[in-house]
């Protein structure tokens, strides 16, 4: 969690009441400043990006004699970040840092480091952090601004780099909160090094670093993998006795999950009942953790009950929430209830998100109900839904399973278009099933075009080339092009 400090704004950087004025001006254009000045701010937030650089727009506002507040700048940068326009947000941060009238806070430094990593990569992020460490002016904030770099290592599972950074931070005396230790525990769990999680906890105890709720939850998960249920229960008892933390629904869910994985279903059910009593009536998050765990227990009554109660929480129910409850109902085998919930979602959705319909589509295909799947797919298209790679993957599996290969081939061609814009790739089994169909039907032209497409996408394999070579040999055709593709693929 990035540590926030109050930044000091000086001279013309007025910080009073600007946020409300900015929101008003961006919403209805009622700001009292000049149209040109107002437009310079709106230009930054243009959906397709500003026509001019962010720095020139900000400088124009300053040069025209108008005040720019830190609150104003932060509000704009947050909106840019929310829409994943990290490069524009970084331009703003760089401009702010170069202004003599702004004193950067810990929050600003950490945010800039995070944006550098997101925009330019880890190498530049590392260089910026090193610059902070060797700057006497910024050394005081570097102590709290290292987390984005550590989190980037964790996200990319860069164990050695994360360990080296932790060693450096320890030598500088920076490790005084549980946050970096929690990040290391996440990294070790993600890389399957559960014993090291326990070592991190021992290090925290040795250095008198307090554990927080996340520390205990990660520790319990690791103990389950290393030592079993008894060790997890010991950690949980220690947590209950730790007056600095409050045991909430998240820790009880962690404990329940351990019991489920270890086959102690009744213990898990009792823990989940206690967790239900601790749910926050102003936030849905906990409800869906419990819904998922009830589904793992095969308890469809628990899934439905929590789902209905979650509706009383204020705020719009998101597509992610619907995906969670639909997946849980499908997992418990209650397709009828899943269809009812899906109809409920369809009746209120503004934008048709195919990730929701894909849950039901996958259930139909797995149950061998291909006609239902096709009917649902048709309805999705009518409602304006745009199939994604997962939609086509599900349908291809269904069509291959019921030997409707022409439809599977059409779907694969749709997938070829999508693969130019995403990292997903179809399974080897589906790829080979279509190739084997071409061989069986002696469709050598289609097979050759198919393999060429796969070759361009880097998906051609030795079994695929062997199949095509067999077809060419059988048809007594030259295979120079095939050998050339194999050579390029180093096969």
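Each residue, glycine too, has its Cβ placed from N, Cα and C.
Since the structure is predicted, the reported quantities are computational estimates derived from the model, not experimental observations.
Look at the repeat 'PPR 1' (69-99): DSSP puts its residues at 25 helix, 0 strand, 6 coil. The repeat 'PPR 1' annotation in Swiss-Prot covers 69-99.
The repeat 'PPR 2' annotation in Swiss-Prot covers 105-139.
Here the repeat 'PPR 3' (142-176) has Cβ contacts under 8 Å with residues 1-3, 5, 106, 109-111, 113-114, 117, 122, 125-126, 129, 132-133, 135, 183-184, 186-188, 190-191, 193, 207, 209 of the same chain, all six or more residues outside its ends. Positions annotated as repeat 'PPR 3' by Swiss-Prot: 142-176.
Only residues 6 or more beyond the boundaries of the repeat 'PPR 4' (177-211), in the same chain, are considered here, and those with a CB under 8 A from a CB of the stretch are 1, 146-147, 150-151, 153-154, 157, 159, 162-163, 166, 169, 218-219, 221-223, 225-226, 239, 242, 244-245. Annotated repeat 'PPR 4' per Swiss-Prot: 177-211, in sequence order.
Helix, strand and coil content of the repeat 'PPR 5' (212-246), in residues and according to DSSP, is 27 helix, 0 strand, 8 coil. If you look up Swiss-Prot, you'll see 212-246 marked as repeat 'PPR 5'.
Annotation comment: Swiss-Prot describes 248-278 as repeat 'PPR 6'. Secondary structure counts, DSSP: the repeat 'PPR 6' (248-278) has 26 helix, 0 strand, 5 coil.
Panel annotation: around the repeat 'PPR 7' (283-313), residues 249-250, 253, 256-257, 260, 265, 268-269, 272, 275-276, 321, 324-325, 327-329, 331-334, 337, 341 of the same chain, lying at least six beyond its termini, place a Cβ under 8 Å from a Cβ of the stretch. Annotation source Swiss-Prot lists repeat 'PPR 7' at 283-313.
Mean model confidence for the repeat 'PPR 8' (318-348) is a pLDDT of 96. Sequence annotations record features per position, and here Swiss-Prot assigns repeat 'PPR 8' to 318-348.
Break the repeat 'PPR 9' (353-387) down by DSSP state and the numbers are 26 helix, 0 strand, 9 coil. Swiss-Prot lists 353-387 with the feature repeat 'PPR 9'.
Only residues 6 or more beyond the boundaries of the repeat 'PPR 10' (388-426), in the same chain, are considered here, and those with a CB under 8 A from a CB of the stretch are 354-355, 357-358, 361-362, 364-365, 368, 370, 373-374, 377, 380, 433-434, 437, 446, 450, 453, 457, 459. Per Swiss-Prot, repeat 'PPR 10' is recorded for 388-426.
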Problem - Tertiary contacts of the repeat 'PPR 6' (248-278), as residues 6+ beyond its ends and Cβ separation under 8 Å - result: 213, 216-217, 220-221, 224, 228-229, 232, 236, 239, 286, 289-290, 293-294, 296-297, 299, 302, 306
Fill in the blank from the handout: For the repeat 'PPR 4' (177-211), the DSSP helix/strand/coil residue counts are 25 helix, 0 strand, 10 coil
Problem - Long-range Cβ neighbours of the repeat 'PPR 5' (212-246) (under 8 Å; 6 or more residues past either end) - result: 178, 181-182, 185-186, 188-189, 194-195, 197-198, 201, 204, 254-255, 257-259, 261-262, 264
Fill in the blank from the handout: Its residues classified by DSSP, the repeat 'PPR 3' (142-176) shows 26 helix, 0 strand, 9 coil
